[in-house]
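Novice: The structure's right below; bear with me while I get my questions together.
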Amino acid sequence: MFKKVERVVCVGAGYVGGPTCAMIAHKCPGITVTVVDMNAAKIDEWNSDKLPIFEHGLDEIVFAARGKNLFFSSDIPKAIREADLIFISVNTPTKTYGRGKGMAPDLKYVESVARTIAQYAGGPKIVVEKSTVPVKAAESIGCILRDAQKNCPELKFQVLSNPEFLAEGTAMRDLANPDRVLIGGESSPEGALAVEALVTVYENWVPRERIITTNTWSSELSKLVANAFLAQRISSINAISAVCEATGADVSEVAHAVGCDTRIGNKFLKASVGFGGSCFQKDVLSLVYLCESLNLQKVADYWHGVIEINDWQRRRFADKIIAELFNTVTDKKIAVFGFAFKKDTGDTRESSAIHVSKHLMEEHARLAIYDPKVPKSQVLYELGLQTSPADVEKLVTVYNDPYEAAKDAHAIVVLTEWDEFTTFDFSRIHASMRHPAAIFDGRLILDQKALREIGFRTFAIGSAPDQAYNLFGTSGY
Ligand SMILES: NC(=O)c1ccc[n+]([C@@H]2O[C@H](COP(=O)([O-])OP(=O)(O)OC[C@H]3O[C@@H](n4cnc5c(N)ncnc54)[C@H](O)[C@@H]3O)[C@@H](O)[C@H]2O)c1
Ligand SMILES: O=c1ccn([C@@H]2O[C@H](COP(=O)(O)OP(=O)(O)O[C@H]3O[C@H](CO)[C@@H](O)[C@H](O)[C@H]3O)[C@@H](O)[C@H]2O)c(=O)[nH]1
């Protein structure tokens, strides 16, 4: 029933759908790939010279394949009709209303795509969940598709789970050389054929031993668990960063010493002002909600601790800034360096910068925000959602020049680990600031000693105040 895959469609032209399909088109010249989206403006951008998202290496691949075997279109019915295999790669944000509000993922977009496929398929299709979904979501998609089969016997569907593990900022590298590709499917002969059809697509560039096949529910759950484990490592080291600050241990040294144990490993142990991004919080909350729904409250509480520590770390950092600026930031200009949730992306979803900025705005600080990739409109939009447009208007200015942002500021707060921040002329910056001038490094990227020699008061996550300089007390938190 499922022949060799020649036409792939991806519904959802976002951070996952765009780069993933660009990579498939690049690696599989024999496959025609069409990416569709209900947002026509976004499709226009994908068809333009300025793509809607920034990832190293993405432009080159898209510009080379576009119009040959890679297409971006708003004609969803046509694309679905012509496809052999359809990726569902739409957003699954945390619900903001109703049952499961603030915890469960909103599956309305996934369901809507399933219904559209049911309506326009016209023949056999392999439907692949690429979106991150709770366990058993494939069952709901299958149910909608099976219902359509009742009136149209030529329709045949197999639903697979194929979660995506790319990280933003390194998406093209991750896609070109994944640690693993995970495919879950039914154990029936038809299911096995569908799994094999998708394996064949990935085999164009991923070694077979790195393609893992499992049952559908293992695949869906593994995605949530992978993100929960990664987020847990960050919360673990961030919890330890507080112990370091109180004791004179240094969190980078501790992370290095601990991470050298090959059983633990050295990745995802960088202390920070808290993890951000569209995935970690959403997916850990989704796991917590799942556990609660299964009456596994102890397990739910355990994973919820990861989120609690993350919120606490953001708050703790903001409180430290306020305490060290003599317990008041009212009307003080504070330069914020970095607004994206991590370097090498313009994405601000759930960025810790939003939360730290919000806490400082509640204390009436005047924020001067600089980020090399995040547009002004996006900064104002994100902060407007958290506070009020009037407060944003009054308290926030977005700068294109970091030196202007720092001029006359009482402090600089580093919230994203952009490489360029380490290249700034901090002597020049110090000279232009109000004194005593302070730097709060929430990403551990700056040379504290060099900054102190220039004359800055410094604070870095996870390191105790330098006793030789004795610039900060231990008060405040
Ligand atoms: N962003 C990441 O780094 C990442 C990595 C791995 C997995 N994921 C998961 O992948 C999924 C997609 O994430 P994303 O970051 O690409 O989201 P996104 O918001 O960037 O893109 C989703 C796109 O889907 C479109 N869409 C929604 N409903 C639609 C419909 N019914 N028909 C057509 N188009 C529709 C939206 O217009 C949007 O352009 C999520 O489940 C996410 O958790 C994301
Ligand atoms: O040691 C570390 C590593 C990361 N972070 C922060 O954690 C957040 C997430 O970073 P990262 O995981 O690199 O980026 P994402 O794009 O959110 O990718 C995660 O979420 C994706 C969506 O599910 C998954 O596909 C990826 O595998 C998973 O890494 C960012 O704010 C980072 O600054 C730290 O604070 N310390």
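Here the Cβ of each residue, glycine as well, is placed from N, Cα and C on the backbone.
Automatic, uncurated: that is what TrEMBL annotation is.
The annotation active site, nucleophile is assigned in TrEMBL to CYS279. Residues annotated as NAD(+) binding site in TrEMBL: 12-17, ASP37, LYS42, 90-94, 131-132, GLU168, 279-282, ARG349. Taken from TrEMBL, the feature substrate binding site covers 164-168, 223-227, ARG263, 270-276, 341-342, ARG443. Taken from TrEMBL, the feature domain 'UDP-glucose/GDP-mannose dehydrogenase C-terminal' applies to 335-448.
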Novice: Taking ALA167, ALA271 as the binding-site residues to compare, which has the smallest set of other Cβ atoms within 10 Å?
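Specialist: Checked ALA167, ALA271; of these binding-site residues, fewest Cβ neighbours within 10 Å: ALA167.
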Novice: Among THR94, ASN227, ALA271, GLY274, GLN281, which binding-site residues lie by ligand 1, judged by Cβ under 6 Å to any atom?
Specialist: none
Novice: In angstrom units, rounded to an integer, how far apart are the Cα atoms of ASN91 (NAD(+) binding site) and CYS279 (active site, nucleophile)?
Specialist: 10
Novice: When the pLDDT values for the domain 'UDP-glucose/GDP-mannose dehydrogenase C-terminal' (335-448) are averaged, what is the result?
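Specialist: Over the domain 'UDP-glucose/GDP-mannose dehydrogenase C-terminal' (335-448), the predicted model scores a mean pLDDT of 96.
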Novice: Would you mind checking how many other C-beta atoms are within 10 angstroms of the C-beta on ASP37 (NAD(+) binding site)?
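Specialist: Looking across every protein chain shown, the total is 23.
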Novice: Quick check for the class: what is the C-alpha distance, in angstrom and rounded, between ASN227 (substrate binding site) and the residue listed as 'active site, nucleophile'?
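Specialist: About 8 Å separate the Cα atoms of these two residues.
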Novice: Taking just the CA atoms, what is the gap between GLU168 (NAD(+) binding site) and CYS279 (active site, nucleophile) in Å?
Specialist: 10
Novice: Given the recorded positions LEU224, GLY274, CYS279, PHE341, find the one whose Cα is closest in space to the Cα of THR94 (NAD(+) binding site).
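Specialist: Considering only the listed recorded positions, the nearest one is CYS279.
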